[in-house]
Amino acid sequence: MLSRPQIQPYAQFLMGGSVTMITATVGIVAPARLSAAYLGGVGVILAACVAMALVWHHKPTRGTVWVSVVPLVSILACAPVRGAAIDLLPVTGMLVIFPIAWLAFAFPPPVAAAGVVIAGLLPLASSRTVPATPGDWMSLITVPALLGMFAVGSRFVAADLQRNRSLAQRAHHRLAAALESSHRADAALRELLDTSPEAIVVLGDDGTVLLANAPALALSQRAGISISLRQDRRARVFGEDRTTPVSVGPELYDDILAGRLAEPRRVWVGEPDEQTALRFVARPIVLDGEPIGVMAVAQDITELVEAIDVRDRFLDTVGHELRTPLTVILGNAELALAGAMPEHRDRWETIQRAAERLEHTVELMLATGRAHVAPRSGRSDVRRVVDAVVAGLDDARDDVEVDVVGDPGAAMIGAGDLAAIIAELLRNARQVSPHGATVRIDIDAVADTVRVTVSDEGPGMTSAERRQAFDRFYRTVFARRSAHQGLGLGLSLARSLAGAHGGEVVLEPGTPRGTTARVTLRRAPTDGAEATRLDDVTGVA
């Protein structure tokens, strides 16, 4: 309504309506006053209304100052109307308010001033006499003065409204731009979420679904579950064992808010014969310290889980298939070696060592092929176990020295498991060490833990290699290029054994070169428990 005020017809229409009401009143009360001049003035005012209706219909956009002729002419047309009806209806003198307000609001100040001057002269034109007394002059001056103040006030109001309108327009443009940017960002985010392979769901603080990307919808349809926290008896969600039901309801929302699902976990969804494995994580969405919803991310890992299961079964099958012939080979090799001629003894020893290495590899395959490592509990004198492993080393790398330092006491782990861990770390360290190098084994105690650190002087490992070293069947580039024996199973087994006893195995860059492998285990209380039996570790390496 504030746009293009110069061509808006509302003030003229109001003036036309007012003069029509005055004319009707005069026609009823004193029809003799409706002279030709009176009717001519009314006609001009009404004609101006028609003219403004046409202008408003066509809506010219530039050069509209000429429209000021309409209110100026309307002020002049008020003269005969005022002269004929002012004593009967004093309100007739207020007709000029409409064009004066219009001029002050929409047109330049000189045009509004001209309108005020013309309106001030109307009483003089009506009486056709020159004021003779100061009072007469004051009466004549008062009208234009009041109209001028009214025009100035209207001008200030118009300027304030125009300023507020400009501010509102700028704010509107900023909001429109922000809204457009938000729409674009929303479209880009939606496309990004739909492109992601992970199923992503966002729920409000009342549990309603605010967002579910295309993979989430597809997964929901494939698994036959609904995307909702409302309890549904038909929902088939199970734990890692594929049989224990997982409740899906308001309590799940509370678990998410409490952070109990912040770490990835595996669940199975769907009917028992068509289950889908999901890697699932859910976290609260917090704004200014208050939760406003939750986000859940799930990844279909069915193929990966099945591939790992196939691999584990393969390892177990191959291991058992190889174990029987290996036992026969080792037995016959020992018998042949006992009665072999001196000139044939080296050949039988070579066969025996090769069979023993293959037997060690088979044992690793069987151990790493199990879903869970069965720990052999007990306590071990760490130094005695380490010394026994070092003493049982083969002569394949007799050019590499092994230096053992420290004697912290006992650790809470079976001697056989500890020996298996140390043997694997020591074998790797000797394998990558250059000729004449020294592998250092440091044994120390920190608080309630025992640490065994194996440091080599080899080429070292990159951060990516250290991160992948515990993956089954992973071998570094150096190991592959150097044609070192092994399947990449030893470190995986070592970490599994240490973890089964509440410990850990980590790899760190050596100083100044090489790699440092550190085993951390729980320290055994010094209560005089039985010592490690040497036959527990004999021949492990």
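A Cβ is built for glycine as well, from the same backbone N, Cα and C atoms used for every other residue.
Of the listed segments 12-30, 202-220, 278-296, TrEMBL assigns transmembrane segment to 12-30. Outside the transmembrane segment (137-158) by six or more residues, the chain places 5, 93, 96-97, 100-101, 103-106, 109, 112-113, 115-117, 119-124, 131 with a CB less than 8 A from a CB of the stretch.
In this chain, the transmembrane segment (12-30) lies in contact with the transmembrane segment (36-56); the count of Cβ pairs under 8 Å, excluding pairs fewer than 6 apart in sequence, is at least 3.
The average pLDDT the prediction assigns to the domain 'Histidine kinase' (317-525) is 82.
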